[in-house]
Amino acid sequence: PYAMRISCGARNDIHTPPTDTFWYRDYAYTGGRPYNATPTSYISPPLKTLRFFPLADGPNNCYKINRVPRGHYSVRIFFALVSGLNLESEPLFDVSVQGTQFYSLKSGWSSVEDQSFAEALVFVPDGSVEVCFHSTGHGDPAILSIEILQIDNRAYFFGPYWGQGTILRTAQRLTLGTGKPAFDEDYKGNHWGGDRFWFGVQTFGQGGDKHISTERKIKKVSGGPNYYPEQLYQFALISTDSQPDLAYTIEVEPNKKFSVWLHFAEIDQQVTGVGQRVFDVLINGDVAFKDVDIAKMSGDLFTALVLNKTVVVSGRSLTTTLHPTKGKHAIINAIEVFEVVRAESRTLTDEVKALQSLKKAMGLPVRLGWNGDPCVPQQHAWSGVDCLFDAHRFKWVIDGLDLDNQGLGGYVPKDIAKLHHLQSINFSGNSIRGGIPSTLGTVTSLETLDLSFNLLNGSIPESLGLLTSLRRLNLNSNFLSGKVPTGLGGRLLHRASYNFTSNAGLCGVPGLRKCGPHLTVGAKIGVAVGVLILVLLILICSICCWKRRQNIIRTQQMAARDAPYAKARTNFMRDVQMGRSWENSRTAADNGPHLLS
């Protein structure tokens, strides 16, 4: 099975004794600060570092582990104290997994062995596990380790409400008849069991029971889907003559649902067959199982039997009682109690991504704690975010953003339009720059838009005039320019409250200056394109003229360079021609007739 163990705050991968357990280093999963750890329990992993989350870093901090195969997982978190810092010694905070809060640390947890960790069984349908820690104002959350251990997809099936809509929180897990606590790994259990921790209980107290054990092999164990270790059934508690009933009580939160798992094996050598030990199982006084005969129901002696019952507890205690009806004594080997927690519906994925884009673009400070799911747990929704439950999709959506006077900068991203259910946006009193995205005009449900007292520039998008539900628009005290869209200016008489003042460049509505000749956006684009073409033509002509001039200059230079040679050649040709003329004249005189008188 898949297994991911993170040693929080560790810079390197490590192995820990006694089972040579491998722990991954804590790198790039979350924020917070690494520091030295002081474990609070001997059952805690022997790790030396932790990660704690100061309130200055925000109230919500999360580990998100990606590339986790889809399936069923045991998620376990160990807590610790920060060593050496002058912090509150015992922080109290809430823990959630996959957006559902399942555990709250109680005062005194650091001195109670089985309260040093929280464990939940969850389904992972989307390939990632998100574990979050939520500050409650009582110290900074400090985390020693996180374990994500795959278990069988049908593990701890308890009935019709079991499945992806349910999380099982481990409330109690006891191995009875031995005072030695152990993990499944110590019992050499099957890895598909999730390396459960069993708290050892040697007696329920008051001398009303005794412990027994055996070394004989137990049948029908280590099988799916729960894969219990065999040693779990080799120890047991038996009632006595002075106290025939066996009873165990745990404190619980009222009005919660709990799944109780009871483990039996008839390992008492005094019982040799069916019918010799029969008892009823009562949960808070109500009969859950009647006439339990372990040897009969399991099929033999030294054979494992597991019974499960899910009940709603209205009070603050859950008591399991074994009452003998045949034979004098009852017997039990182990008990598991899980709180059944209804999994919260998550926020639509596209809207979560849009908020993350907004967080990055506007530079939201970490103190706002925008980590995890924006809307759940409902007790720890993101600051400045209003959520609405969509009953048709069974998802949460964002219907309001209230981030006025938060010291924000950056710009308003186009992706804000992916928050299709927004009814109100208030970003006033910040230092937001850039333009108003035209995509806001597609958020048809928008009723209030307040971007006043920022550093916005550019024109007001025409698309805002399409928001027929818009009743309040504050754009005052910015650096906007141009004409107010006709769709907005024409609605001022229809019970709408718009404020465009203190924008020196705006015009076109009462209270602002009159506009001069106004061009539409298309005309402005046309003019810009025309000017660009003219500039290109001028540039091309200039280049051509320049090249022609360069050619003329180059030709003149060549002519000047060749002039002396041309003159010499001309004189030579003239001399040649004159010489030839003289020779011709003499020849004619020599060869012609003599004119004698």
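Glycine residues also receive a Cβ, built from the backbone N, Cα and C atoms like all the rest.
Just so you know, TrEMBL annotations never went through curation; they're auto-generated.
Taken straight from TrEMBL:
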- 6-340: domain 'Malectin-like' (DOMAIN)
- 349-387: domain 'Leucine-rich repeat-containing N-terminal plant-type' (DOMAIN)
- 525-546: transmembrane segment (TRANSMEM)
Quick one: DSSP breakdown of the domain 'Leucine-rich repeat-containing N-terminal plant-type' (349-387) into helix, strand and coil? 19 helix, 3 strand, 17 coil
Cβ contacts under 8 Å made by the domain 'Leucine-rich repeat-containing N-terminal plant-type' (349-387) with residues that lie 6+ beyond its boundaries: 30-31, 56-62, 94, 96, 99-101, 130, 132, 134, 396-403, 406-413, 415-416, 418-421, 424, 427, 430, 432
When pLDDT is averaged across the domain 'Leucine-rich repeat-containing N-terminal plant-type' (349-387), the result is 95
